[in-house]
Amino acid sequence: MIYIFTMVFSLNVLILSSSAARYDYFQFTQQYQQAFCNSNPTPCKDPPDKLFTVHGLWPSTKVGRDPEYCKTKRYRKIQRLEPQLEIIWPNVSDRKANRGFWRKQWYKHGSCASPALPNQKHYFETVIRMFLAEKQNVSRILSMATIEPEGKNRTLLEIQNAIRAGTNNMIPKLKCQKVNGMTELVEVTLCHDSNLTQFINCPRPLPQASPYFCPIDDIQY
């Protein structure tokens, strides 16, 4: 009887440990609404703002595939947080579909964020705190360096230095996309350690062959 109990207990531990995700760091990714809509194959249903807003907070690995769709409890509506999420984390392509966007982000990424973010409430509250209270808002960081969304051509170094000035001199990850002959800054990722306690240099820079690789100059923002 003791032998059977031990086997069952060991099996349960094995199942639980196998469902836990392994990750090395977090990517806090924000997208510039106008550039996103310009590059999106499907037209955005709402006029975009000249702002960076949250795309997601993603547990990530330095080598191999990032964890996705981990075992989790059923998603629940987060009505108390929705007024803030609607501002900082909208579904840019269709704001009437915000809830579906948040749900997808939770199931795909947030479900794998334990132990740093052990549940859905903690996950969304942390994003709000990072963006608002901790001022990890890319629009604000660029503005502090007098880089405003004026549709001007910027150099890669100019953008990188501005962001590094607001993130303890850590290197961000940038995504650009060429639309109608112009290269636009589409996304900025700020990277954090696995406990979300400090900025780190973003691992895994985009290869030069990537369609999102940013050139050294003539980046419109």
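Cβ atoms here come from the backbone N, Cα and C positions, even for glycine.
Copied over from Swiss-Prot:
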SIGNAL    1-20  signal peptide
DISULFID  C37-C44  disulfide bond
ACT_SITE  H55  active site, proton donor
DISULFID  C70-C112  disulfide bond
ACT_SITE  Q105  active site
ACT_SITE  H109  active site, proton acceptor
DISULFID  C176-C214  disulfide bond
DISULFID  C191-C202  disulfide bond
Message = Can you tell me which of the recorded positions C37, C44, Q105 is spatially closest to C176 (disulfide bond)? Compare CA atoms only.
response = C37
Task = Select the closest residue to C214 (disulfide bond) from the following active-site residues, measuring between CA atoms: H55, Q105, H109.
result = H55
Query = Between C112 (disulfide bond) and the residue listed as 'active site', what C-alpha distance do you get in Å?
reply = 11
Query = Can you name the residues of this chain that are 6 or more positions from C202 (disulfide bond) yet have a C-beta less than 8 Å from its C-beta?
reply = Q27, M170, I171, P172, K173, T189, L190, C191
Neighbour tally for C176 (disulfide bond), based on other Cβ positions within 10 Å of its Cβ = 25
Task = Can you check which residues sit near the residue listed as 'active site, proton acceptor', meaning Cβ under 8 Å from its Cβ, same chain, 6 or more apart in sequence, and list them in order?
result = G56, L57, W58, P59, E68
Those residues of the chain, 6+ apart, with a Cβ under 8 Å from that of C37 (disulfide bond) = P43, C44, P48, V92, S93
Task = Provide, as an integer number of angstrom, the distance between the C-alpha atoms of C70 (disulfide bond) and H55 (active site, proton donor).
result = 19
Query = Among all the protein chains here, how many other CB atoms are within 10 A of the CB of H55 (active site, proton donor)?
reply = 21
